[in-house]
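Reproduced below are the annotations present in TrEMBL:
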type	residues	note
DOMAIN	16-88	domain 'Concentrative nucleoside transporter N-terminal'
DOMAIN	109-206	domain 'Nucleoside transporter/FeoB GTPase Gate'
DOMAIN	216-418	domain 'Concentrative nucleoside transporter C-terminal'
TRANSMEM	7-29	transmembrane segment
TRANSMEM	35-55	transmembrane segment
TRANSMEM	67-90	transmembrane segment
TRANSMEM	102-126	transmembrane segment
TRANSMEM	147-171	transmembrane segment
TRANSMEM	183-205	transmembrane segment
TRANSMEM	217-236	transmembrane segment
TRANSMEM	269-294	transmembrane segment
TRANSMEM	306-324	transmembrane segment
TRANSMEM	363-386	transmembrane segment
TRANSMEM	398-420	transmembrane segment
Amino acid sequence: MAGQAAARLMVAQSAVGIAGLVAIAWLLSEQRRLVSWRIIAAGLIVQFLLALLLLKFPPSQALFLGLTRLVDAVQAATIAGTSFVFGYVGGGRSPFAVTDPGAGFVLAFQALPLVLLMSALSALLYHWRILPLVVKAFSRLLERSMGLGGAVGVSSAANAFVGMVEAPLLIRPYLARLSRGELFVVMTGGMATIAGTMMVLYATFLTGVIPDPIGHLLTASLISVPAAIMVAKIMIPDDTRTGGQDDQPMVYASSMDAVVRGTADGIGLLINIIAMLIVLVALVALANGLLALLPEIAGAPVTLQRLMGLVMAPIVWLMGIPAAEMMTAGALMGTKTVLNELLAYVDLAHLPAGALSERSRVIMTYGLCGFANFGSLGIMIAGLAAMAPERRDDIVALGGRSIISGTLASCLTGAVVGILI
């Protein structure tokens, strides 16, 4: 009985959290009187329906099991490639006795090259018209339920599968014509989701941390789309509907051309990820070194992660994280916002046993599943400004707000899952 009562309290906490997160978005709205309650209701209903379908429908469990096996196969294939090129540094057999197996893992040579393979596979799926077909089906659902125009519907749906720059590319001819509110929906969608190329990478980090990590990450990216639309339309109410569908011709001459060009695109992404990781980790180490000059608090030095843990603790409580775990979970959200979600997932995977309950680990997997951080903001502004130079001022002005809206959308997804698990 006590366990059931505690479970009901946690569900109630997540329900209160949904109301609280929506209220925060409303307080940050540019025109509170114009906020459509229909959009709020539609966003939450679509979120819950998608979550129920993906988490509770038996065939979905079989799908998740299949996806987990697919991730294992893709990871093994990547290791085959990296070990061939880099030898034991890339995951091949070591020529000497290894006394500390954990020290032999090299992120840049064993895990991150997965981005190259996924980039090539994504290009191949696009060339074969599989990815556009899935995106178009999802976009029609969003257009009918959330009142989106065709162009924004396509971009929003694509965000569940591709990155924050690749998704707007599908509607590039329409970007200059989008209203300010529609542009904000596009930007929020990019911040609230992750690309499929990164999804498999993060799943490898979370193996053993939560069950079926790839299934949870895919679910998170899908159900964050209606959350992103809802939050964006609360913060900047707008009823404009710009038409347009993905009518661009196939951009690859052949399957081999898709693989070659997809790999080339992945090289830029891989280098960017490695460079950003080096710089961001170094900056945090520098900041923590300066903060260490301050007096200790509760017997421990002041760090950027601890400070962000304090700021984000109330937010993670709204997702359904117990009060006893708020600081730990808040620090993860702080790392995700200040640095990026990759480092946050690495931190989640390396938490001591018992630091977070299994339920909290699953909720945080959803809450961290988004590109809303300062490094991604630079990538988004550069990409969108290149596609629509005439909208550069609007893109820059909306950039900071898109980090907030993307974070709120991801947290809403975490709260929804907190009710269902």
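Counting begins at 1 with the first residue displayed.
Positions of Cβ are set from backbone N, Cα and C atoms, glycine also.
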State the residues, same chain only, that lie 6 or more residues beyond the ends of the transmembrane segment (102-126) and have a CB under 8 A from a CB inside it; answer 'none' if no residue qualifies.
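Contacts of the transmembrane segment (102-126) (Cβ under 8 Å, skipping residues fewer than 6 from its ends): 74-75, 77-79, 81-82, 86, 88-91, 94, 132, 161-162, 196-198, 200-201, 204-205, 251-252, 255, 258-259, 261-263, 265-267, 269-270, 273-274, 277.
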Based on Cβ pairs under 8 Å, which of the stretches 35-55, 67-90, 217-236, 363-386, 398-420 lies most in contact with the transmembrane segment (7-29)?
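Answer, by Cβ pair count: 398-420.
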Could you tell me whether the transmembrane segment (147-171) and the transmembrane segment (398-420) have 3+ CB pairs under 8 A, leaving out pairs under 6 positions apart?
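Per Cβ check, the transmembrane segment (398-420) does not touch the transmembrane segment (147-171).
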Please give the sequence-distant neighbours of the transmembrane segment (35-55): residues at least 6 beyond its ends with Cβ less than 8 Å from one of its Cβ atoms.
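Apart from its flanks, the transmembrane segment (35-55) reaches 18, 22, 26, 29, 141-142, 145-147, 215, 218-219, 222-223, 226-227, 229-231, 233-234, 237, 239, 412-413, 416-417, 420-421.
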For the transmembrane segment (183-205), name the stretch out of 147-171, 217-236, 269-294, 306-324 with the most CB-CB pairs under 8 Å.
147-171
Out of 67-90, 147-171, 269-294, 306-324, 363-386, what stretch is closest in contact terms to the transmembrane segment (217-236), meaning most Cβ pairs under 8 angstroms?
147-171
Can you name the far-off residues of the same chain, 6+ from the ends of the transmembrane segment (363-386), with a Cβ under 8 Å from a Cβ of it?
163-165, 168, 175, 186-187, 190-195, 202, 206, 209-210, 213, 216-217, 219-221, 224, 272, 276, 280, 316, 319-321, 329, 332-333, 336-341, 344-345, 348, 356, 392, 395-396, 399-400, 402-404, 406-407, 409-411, 413-415, 417-418, 421
